[in-house]
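Colleague: Per Swiss-Prot, the features are:
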type	residues	note
BINDING	Gly11, Pro12, Thr13, Ala14, Val15, Gly16, Lys17, Thr18	ATP binding site
BINDING	Thr13, Ala14, Val15, Gly16, Lys17, Thr18	substrate binding site
REGION	36-39	region 'Interaction with substrate tRNA'
SITE	Thr102	site 'Interaction with substrate tRNA'
SITE	Arg128	site 'Interaction with substrate tRNA'
Amino acid sequence: MTKIKIVVIVGPTAVGKTALGISLAKAFNGEIISGDSQQVYRQLDIGTAKATQEEQEAAVHHLTDIREVTESYSAYDFVQDAQKAISDIVSRGKLPIIVGGTGLYLQSLLEGYHLGGQVDQEAVKAYRNELEQLDDHDLYERLQVNNITIEQVNRRRAIRALELAQFADELENAETAYEPLIIGLNDDRQVIYDRINQRVDRMLENGLLEEAKWLYEHYPTVQASRGIGYKELFPYFVGEMTLAEASDQLKQNTRRFAKRQLTWFRNRMAVSFTAITAPDYPQVVHDRVRDFLGQKEKS
């Protein structure tokens, strides 16, 4: 079976994945697939760091604005949607470029979690429904029985982990349809932290507070509201924090999230990282993609 070549850009939040994705899309006739669990939601643009209108005009983006904030979204959903997007992009002779920071989503796609021929999807759905009926105590016991330890346990993450454990044998035997070039972006910790702090400041200047307040007033308990970028501002709305304190909390949580992202990518994916402050950074990445695609450099 000839595998489909795809480019996957990973790295901590605020490192510049979107900008690189657009640059590669322009250079290699590509289209971008968002691999971010929060960017699927309509009306949540600023806090999710969704590509701006100008950026979306520069390159076609898929899997953004495909769910209402009241809807849930899982790794299983992402894999099904990403499969369809990849097939569509390839059918038009273009290069799929996945840009994302949700490690479980990317791993599920790249390691065969999506293959209906190998994994009984009806069994997956039935098992998920069974888990969703459990209360938190019973769900936690299931994690212990399966020797699963996950950081910051919540129901959504616990169910995902149990699904992967339950169908591990099928997943190990599944053959992915894709040949990925995984490009990792990173830099010194302080460089990343400074970029995060600056981006949070820009988000607040551009209307994040209003976006978060709308979510808090209308849908404070939905899955989308639990994402970093919104829940940190909720205490400000009820007078439990000053805006400065809430902003600092958001920056701190985002920095911690970036650290967890890097840990995930280093431990779970075969990725070589490139420093974004290296003088030859853009050219090095473009050369890697060109070699991957078997193209010659234009004179």
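Each Cβ is built from the backbone N, Cα and C atoms, and glycine gets one as well.
On this model, are these features tucked inside or out on the surface, and what's nearby?
Modeller: The Cβ of Val15 (ATP binding site) lies under 8 Å from the Cβ of Leu185, Asn186, Asp187, Ile192, Arg195, Ala258, Ile276, each of these being in the same chain and 6 or more residues away along the sequence.
In sequence order, Ala49, Gly101, Ile196, Thr254, Phe257, Ala258, Gln261 are the residues of the chain that are 6 or more apart from Thr13 (ATP binding site) and have a CB within less than 8 Å of its CB. DSSP classifies Thr13 (ATP binding site) as coil under the three-state reduction.
Sorting each residue of the region 'Interaction with substrate tRNA' (36-39) by its DSSP state yields 0 helix, 0 strand, 4 coil.
Packing around Thr102 (site 'Interaction with substrate tRNA') is summarised by its Cβ count: 19 other Cβ atoms lie within 10 angstroms of its Cβ, all protein chains included.
The secondary structure of Arg128 (site 'Interaction with substrate tRNA'), as reduced to three states from DSSP, is helical.
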Colleague: Using a 10 angstroms cut-off on Cβ to Cβ distances, just flag whichever of Gly11, Ala14 is the loneliest among these binding-site residues.
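Modeller: If we count Cβ atoms within 10 Å for the binding-site residues Gly11, Ala14, the smallest count is at Ala14.
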Colleague: Just counting, how many other CB atoms are there within 10 A of the CB of Gly16 (ATP binding site)?
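Modeller: Result for Gly16 (ATP binding site): 16 other Cβ atoms within 10 Å.
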Colleague: If you count CB neighbours within 10 Å, which one among the recorded positions Lys17, Arg128 has the smallest count?
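Modeller: Each of the recorded positions Lys17, Arg128 was scored by Cβ atoms within 10 Å; lowest is Arg128.
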Colleague: Specify all same-chain residues, apart from the site residues Thr13, Ala14, Val15, Gly16, Lys17, Thr18, whose Cβ lies within 8 angstroms of the center of the Cβ atoms of the substrate site, ordered by sequence.
Modeller: Gly11, Pro12, Ala19, Ala49, Gly101, Leu185, Arg195
Colleague: Cα of Gly16 (ATP binding site) to Cα of Thr102 (site 'Interaction with substrate tRNA'): how many Å, rounded?
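Modeller: Between the alpha carbons of Gly16 (ATP binding site) and Thr102 (site 'Interaction with substrate tRNA') there are 15 Å.
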